[in-house]
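Heads up: the structure comes next, in structure tokens.
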Amino acid sequence: MDSILVTGNGPLDGQIPIAGAKNACLTLMPATLLSEEPLTLTNAPRLSDIKTMTALLQSLGAEVTTLQDGQVLAMSSHDLDSHVADYDIVRKMRASILVLGPMLARDGHAVVSLPGGCAIGARPVDLHLKALEAMGAELELKEGYVHAKAPGGLKGGVVEFPLVSVGATENALMAATLAKGTTVLKNAAREPEIVDLAQCLRKMGAQIEGEGTSEITIQGVDRLHGATHPVVTDRIELGTFMLAPAICGGEVECLGGRIDLVEAFCERLDAAGVSVEETEAGLKVARKNGRVRAVDVVTEPFPGFPTDLQAQMMALMCTAEGTSVLEEKIFENRFMHAPELMRMGAKIDVHGGTATVTGVERLKGAPVMATDLRASVSLILAGLAAEGETLVNRVYHLDRGYERVEEKLGNVGARIERVQGE
Ligand code: UD1
């Protein structure tokens, strides 16, 4: 298994191109199952999670061709020869559940394995299932699989989510495009990835209003047609790389970055004393003098501070002046990076969903273990701010969500290299 070796750094300088969003791409890809005509995605990120979704779609009979070095995904679901999403693929990636709504909406039946446990809490899929039931789906759970049927097709209905779920909103939105009549999704997620999905579905002929607000209304249509759609910028990759100059000092321009994707995050950076400036090509981040100030963070659904940037923000707070309180409100058990950061000399106290971080002047390099995707990159950021060498082990998590991280950081002056595993 590969590792990443990071050596503590001075200031960074240069530009980092930001890729298309993993989480948007993982919901746009299953949208191909809604139509018999081709769907082409441009600006796709080159990540192992995208390969997993490709394998899942292919296992259902969809054609997926990668062009331009993986940045274009040409998909066609003319004939589906299977409606079974197998455990062997689904267990690798929770987002696999997103094939359920589209298959059911198009052909009236689907069998999808339950995703199973996950390192960051229980993460059930009950909200996905309840939303589809509200549209007339008949569901049965048997031997770890959801068996779904909608013999006369799905019917529009009112779906009121008891809590905001990105994935459940996506599944319901896709299913509703082909349901008979009108569907209203209340307390819907407002994430940019939902807006991107709605825009793509509209290009395919769907009738949708209200995406980006908490109430989305969908008027079902008989069929969807083909389309070409560029994947929105990855706001989590953007936020992660914006933290690199915040931690090391210097100035980095993140190409393709947009403030509206990361507003709550930028507000916290500003409070910490890190400057963010909009440029023609993206966002320029600079920290010129002294340590950053400690700031408190509460994770919330969009437009709040994203849970997917909590671990990386904690890495910054480890060397801030003062004490910060980070409250994780989306997922239980999402502080597994804390003990690893403590191996590097960080002072962190975790109590339930709250972590109190007292900044130290300098972290010290150490061998550490990546426990999940965002945790692994937080350890890389911490390594850049540490004295000496940090070896981040088990980086396969990292490859699920970050494209060529060592190259992108290396190009702005970071001392980082991949150590090939056996
Ligand atoms: C998506 C993102 C993930 C991000 C998360 C929150 C993808 C592929 N992943 O995950 O990176 O961290 O949004 O921004 O887009 N819940 C239930 N029942 C359900 C579904 C969710 O109780 O059926 C709970 C979850 O356990 C969690 C909360 O709802 O506590 C929010 O989860 P959700 O928004 O659904 O996250 P994902 O869509 O899985």
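Just so you know, glycine gets a Cβ as well, placed from its N, Cα and C.
Sequence annotations record features per position, and here TrEMBL assigns domain 'Enolpyruvate transferase' to 7-409.
Secondary structure at Asn23 (phosphoenolpyruvate binding site), taken from DSSP and collapsed to helix, strand or coil, is helix. Among the features that TrEMBL reports, phosphoenolpyruvate binding site is placed at Lys22, Asn23.
Long-range neighbours of Asp126 (UDP-N-acetyl-alpha-D-glucosamine binding site) (same chain, six or more residues apart, CB within less than 8 Å of its CB): none. Annotated UDP-N-acetyl-alpha-D-glucosamine binding site per TrEMBL: Arg94, Arg123, Pro124, Val125, Asp126, Leu127, Asp308, Ile330, in sequence order.
Annotated 2-(S-cysteinyl)pyruvic acid O-phosphothioketal per TrEMBL: Cys118, in sequence order.
According to TrEMBL, the active site, proton donor annotation covers Cys118.
Less than 6 Å separates the Cβ from ligand 1 in the case of Pro124, Asp308, drawn from the binding-site residues Lys22, Pro124, Asp308 in sequence order.
When every Cα pair among Arg94, Arg123, Pro124, Val125, Asp126, Leu127, Asp308, Ile330 is compared, the largest distance found for this UDP-N-acetyl-alpha-D-glucosamine site is 22 Å. Between the CA atoms of Ile330 (UDP-N-acetyl-alpha-D-glucosamine binding site) and Asn23 (phosphoenolpyruvate binding site) there is a gap of 16 Å, rounded to the nearest whole number. Note: the CA-CA distance between Arg123 (UDP-N-acetyl-alpha-D-glucosamine binding site) and Lys22 (phosphoenolpyruvate binding site) rounds to 19 Å.
Mean pLDDT across the domain 'Enolpyruvate transferase' (7-409) comes to 95 in this model.
Summarising the environment of Pro124 (UDP-N-acetyl-alpha-D-glucosamine binding site), the number of other Cβ atoms within 10 Å of its Cβ, over all protein chains shown, is 12. Counting Cβ atoms from all protein chains shown, Val125 (UDP-N-acetyl-alpha-D-glucosamine binding site) has 18 others lying within 10 Å of its own Cβ.
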